Each structure stands twice: as structure tokens, then as C-alpha cells.
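Now, the feature entries from Swiss-Prot:
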TRANSIT   1-60  transit peptide
REGION    58-88  region 'Disordered'
COMPBIAS  62-76  compositional bias 'Basic and acidic residues'
DOMAIN    198-356  domain 'Helicase ATP-binding'
BINDING   Gly211, Pro212, Thr213, Asn214, Ser215, Gly216, Lys217, Thr218  ATP binding site
DOMAIN    357-525  domain 'Helicase C-terminal'
REGION    667-734  region 'Disordered'
COMPBIAS  684-693  compositional bias 'Acidic residues'
COMPBIAS  695-709  compositional bias 'Basic and acidic residues'
COMPBIAS  725-734  compositional bias 'Polar residues'
Amino acid sequence: MAAAAAIAAALLRRSTSSQHHRRILLLPLLSHLQRAAPRSPSPWDPPPHHRFFFSSDVTAEGDSKPRPPLDGKQLWREVSTSEPATGASRLPKATWDAVVALLRRFGKDPAMSDQALALYIPASAFPTYARRFRHFLPARLSLESAEHLLSLPADDAHALLLPAFAEFCVTHLADELRKHESVMAAADLTAPHAWYPFARAMRRRVVYHCGPTNSGKTHNALTRFAAAKSGVYCSPLRLLAMEVFDKVNALGVYCSLRTGQEIKEVPFSNHVACTIEMLSTEEPYEVAVVDEIQMMADPVRGYAWTRAVLGLKADEIHLCGDPSVLKIVRKICADTGDDLEVHQYERFKPLVVEAKTLLGDLKNVRSGDCIVAFSRREIFEVKLAIEKFTKHKCCVIYGALPPETRRQQAKLFNEQDNEYDVLVASDAVGMGLNLNIRRVVFYSLAKYNGDRMVPVAASQVKQIAGRAGRRGSIYPDGLTTTFLLDDLDYLIQCLQQPFEEAKKVGLFPCFEQVESFAIQFPDLTFNELLDKFRENCRVDSTYFMCHQESIKKVANMLERIQGLSLKDRYNFCFAPVNIRDPKAMYHLLRFATNYSQSRRVSIAMGMPKGSAKNDTELLDLETKHQVLSMYLWLSHHFEEDHFPHVQKAEEMSINIADLLAKSLAKASWKPTSRQQAKPRRENEEDNDVEQASDDNAKNDSEDGYERSISRIKPFMRKRLDRPSQDPSSLNFVA
């Protein structure tokens, strides 16, 4: 905090100087300069090879006297009062080069760039200002001070330079700082708890239900929700909101449903089940339940959970999830003045790791198994192989399926009076569905992240594995294992790890904040405006700005359309569209174009004649449902007159979901992709594996489907840095 205080003092002196008559540039710096500058031990004891920096401190016998460390104020005083060296430098060439190298590293240090925001220096401008500082400092620096700087660890040296850098900017760049001031003030995302004055006027009771899957935490919160006079349930998924809506109404409690695509207002209801983005922070409630609270740290959607925690007008707020964001919730409650209670939960029955894997052969699948694969292609390959080489029938669940189809597949799997006794699913199975799973089998523990194959995060492995076993089902005991023996060690390693503590949670500006910022840049496109906002926004150490890649891609596509207001563009960019699906993007562009021309937006999409006969037709059904879902979402976010075919879209959506369910029941074809094939593996071996999977007809044998190469094993060479739990805390079965 010494650096923060020094910068504050620098700004205050300059702003009150009678010579400059500058208006105050001072910010609440302590909120922005969170990281205290590391301090050297006192008294200062230089390293042995720099023992004799200061000739005045060296005695005739060669003993050095302790000298207090140079601080930022002394450094600035020295360089600001000395003239730049002319002719021969006052520093030896080696020392000069080392100081310049240090200043280059200072200009590339993200921590210094973050702290420079307190001076109204945006991240994009920091390298330029740091370069000017680099040209200014070395010629004025004494040998003693230079050697002192070079003797320090990098972080300490940067912290010592920061106050001098601040003084330099305020002295020499004040006019430029003033230009940045109004821009950065409009992009100020600090102290977000102050955005909700009505919530701050309340002293809320926050109850954190902390525990793993299958521990009863959400059940207890929902019991309190149903018993309250009024309440809201905030879900991460439309599917989960629909499930709570059905259950609560079945209990005789009137409850409405609000999702982006569907709004059902039940007469006389004081309860509502909604998706987290559809939460109203204007309505008062007695009880609110926010599910999967750990999603606050999600890099894309985390802002919605943060908004709920900060803005809910509820006397009682129940947060359900794992402990990863508990520390941050404590800090937020301290900022908001709310009371926090923590209720700890354990699984009803421990999750057991089955040491005997499937040994790379899907013939070892058993009833009640859920095979988890991390790509649509693998899901259908596994389903095809299981149904070809065993007596089992498979249900399928993955993210691109409509919620209605996923519910139908889950119901089919849960029922005991049919032949569908195996589930093949993606990570979408990790939340939102109650499933009678006996054993979770990881087909792979590596996934494609859009660039390369990476290990599945330990937290995600825990979430998915925890779906095995459910209280009250025919499989109360949960088992988990892997398809390949080589993957088992990584599974065990993930389950042993404690939950990783989140460092920050997400924020994203509301439309009013973007609108206020846009006044500063009337000539920028919306895409450029988003870039400029991110570049200039300031957040404190508890928060981060959520990623906006999908929003920016949509914004870029819509730039060619004339006649859209800023708010129109903002809303269209949040529409639920799969940016990797060209057909879905085309329809969004068409919707926006028609809207901009004040024309009624048509669906312009025919109803399929029947269920899919191949994977191309199945993909087309998925896309059609996504387009209809997007149409319904837009109808709730724009005036109804512009989207008049809501009833038709709802009917088509239901019919297509039914066709998808019928298509999945008879799916027995080789999977394809929405786009042309892209390289998805890191080495030739993996490519060979994928080719082998594609050519099932060539590789099928009486021995069944096999994949003998582990995709996680190469990553196992790198040990995870986080400490593991005692292995005795895990349960194993042969």
C-alpha cells in the first residue's frame, strides 16, 4: 500500500500546486492499488556482490554500514532535480543496459499496468507511457540508486519504480491524463455493490449451502423457497428452471416461469423460477435461491451470478454450490453489510472409484452406466458401438439438444420398464438433470478447447463424477471409473484435489453503462466500442471483466446493418446463438436486418417432414430448433409487434424437439460436423485414432469397439501444483 499512498500523494500535490492550477485527478487509489508493494527487510542488507554500493558508507577497513533502502519518493526526488547526463553517461554501460532492461520489464508487467489504471492510464497506453519513463530515467539516475534497483528482486524493483513513474506521469503528462479521465470514469466498474441502492438499504441474510453433488444442499434451499410467502429460484439452465417450475406447482405452490425463450405467468403466483440472466433485481422477495453459485467465477457467464448476489432484493438469499467462491462471497457480504451463514454438506454416500476400468472395450458396459465423452462425434461413435456389440440401448444427452429433448432422454433412461439402460452424454450431464446413474465412466479425460486437446479441469471431473448415485433411486451408491486404464490415475488425482479457490468473479457492464461510455466515442462501431470499454474499464481485485468473444463476433457481423440503435445492437449481441453454426448466424443476421427496416420478422423456415435419416438431417433439426429458440428470445427482448409469430415458433419448437427424440432413438449413422473438418489432435497418433473411429465399418470386429490410446496420459507427466487430499479419503473397489 506504500506505492498506492505515494501515487495518491503525487496526484494530490500536483492537483493543488499553485504553479500548475490543475484540477484534482485523485482517485480512491487504495481500491485500485490492491497489491501492497513488497518491502525489503529493515535494516537493508544488500546482497554480498553489491555490498559496497555507497562509497560514503565504506570504512577504511572495508566494513559497510547499514543504509536504509531507497524508496520511491527519494528516487523521484533524485531524478527530478538532476540534469540529464551529457556526453559520457554517469552510469557504466553494463549498468545502463541493465537499468534499461529493468524498465522494459516494468513496462510489460501486467500488475504495474493494472495499478496504473489509478492514474487514468488505460492498459493500451501504459506501454507508451512506460517507454517515455524509460527514456527519462536512466540519464538522471545515480550509480548508487541504479545498483540498488538492480539488487532487488523484480517485483520489489517494480514496486519501487511505481511511485516515481506516477510522479513522472503527473508532472510531464498531466494533460494527457486529463483526456483519459472522463473516458475511464465512464468505464468504472469498481465498487459494483453500490450499483444496487435498494438492495443496500436492506440487511439481507445470506445462507451458503456448501457441498458436493448428491448432498441435499439444493433440496434444503428449495424447501425453504416453497415455504416462503414469495420467492425466486435462479437457475443456470432453462432445463433446471423448468424442472423447479413443475415441482413447485405440483406441491400446490403457484409458481411462474421466466426464461429467455419462455414466459409462463401463473395467476396469483408469488414465486418464480427463472434462468439467472432473466432475474429481476427490481422485484422484492422473501426468499431467493441462486443455484450453482460457483458459476460466479465462470469467464463468460459469471457476471449474471455476481449481479444476483449483489442486486437481489430478498430478505433471505440461499446460495447453493461448491466452496470455490465462499471466500469471495464472504468479502462481498462484508462490503454489502449482509449477514452470512455457511451450511456444510457431505454426500449422502461416498463416491467410490472403481479400480477395474472398462479396459478400452465397450463390451464391458453395464446397465446404469453413463459414458461421458467430450465431443458430439465421440458420443455417437460410442452409442453406435454399444448398440452394435452389446444388448444395451443408449439414451443421448449433449448441449446442442433442446431442453425438452434432454428431459425426454433423461426420463427414458430413468424408467426401468424399457430397454434403454445406458446413457451416453457430454459434460451437459454435470448439472440440470436428476438421473439414475449407477456408474460414471469417462470415455476420455481430455477435451478440445477450440485450439488443442487439454485435460478436463478437476472441478468439472468432480461435478460429472458426482452425478453417480442418487438418494432415493435404485442406485444410491455412486461409482466412477474410466474407459482406459491409463486414464484412471488422472481421475483419482482430480477427485483427491480440494476445490480450487476462485480468485475473482465476473462482471459485465449493463446497457446503461455502455450507453454512458458510448457518448465519449460517437464515431466508433459497436464492436470497437466494446474493445475500447474493456481497454479502459477498471475493476477492483475481487472482480474480472467477463469474456466477450461471442458478443464481439455477433457485433462484427451486425456492423453492416444500418438503422439499429445502440440498445438494439446490445440486445441482438446477447441473443442465444451458436456462433460456430453458419446457418444460425445467417438467421440472426436476417432477423436483425428485418428489424432494422421496421419490418415484421418472419421465421422463414419450413417444418421438417419427419425424423432424421442421417446425421446431416439431425444437425439440421438441431439448428432449426436453435433458430426458433433465438426467435422466441428476441420476441421477449424487443417489441412484440416486430416478432409476431411467437405461437407458430413455439409449436414448431415443440414438434422439432419431438422429432429429435425420435431421431435419437434410431440413430445408427456415422457422425458429421457442422463445419468442414478441422485438425483436432495434437499428434499423428491422435489423428490415427480419430480416423479409426470414423471408419467403423473397417475396424468392427467380434471383439467390440476399442480405443487403446489415452489422450490424458501425455498431460500426466506434469504434476498438478495444488495439494491433494489424503488418498485414504477416497473409496476404491476392485
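From the backbone N, Cα and C atoms, a Cβ is placed for every residue, glycine too.
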### Query
Can you count the other CB atoms that lie within 10 A of the CB of Gly216 (ATP binding site)?
15
### Query
In sequence order, which same-chain residues at least six apart have a C-beta under 8 angstroms from Thr218 (ATP binding site)?
His209, Val289, Asp291, Cys320
### Query
For Thr218 (ATP binding site), what is the secondary structure by DSSP, using just helix, strand and coil?
helix
#### Entry: Cβ-centroid neighbourhood (8 Å) of the ATP site, Gly211, Pro212, Thr213, Asn214, Ser215, Gly216, Lys217, Thr218 excluded
His209, Tyr345, Arg347, Gly466
### Close in space, distant in sequence - Ser215 (ATP binding site), Cβ under 8 Å, 6 or more apart
Tyr345, Glu346, Arg347, Phe348
### Task
Give the three-state DSSP assignment (helix, strand or coil) for Pro212 (ATP binding site).
coil
### Query
What is the average pLDDT across the domain 'Helicase C-terminal' (357-525)?
91
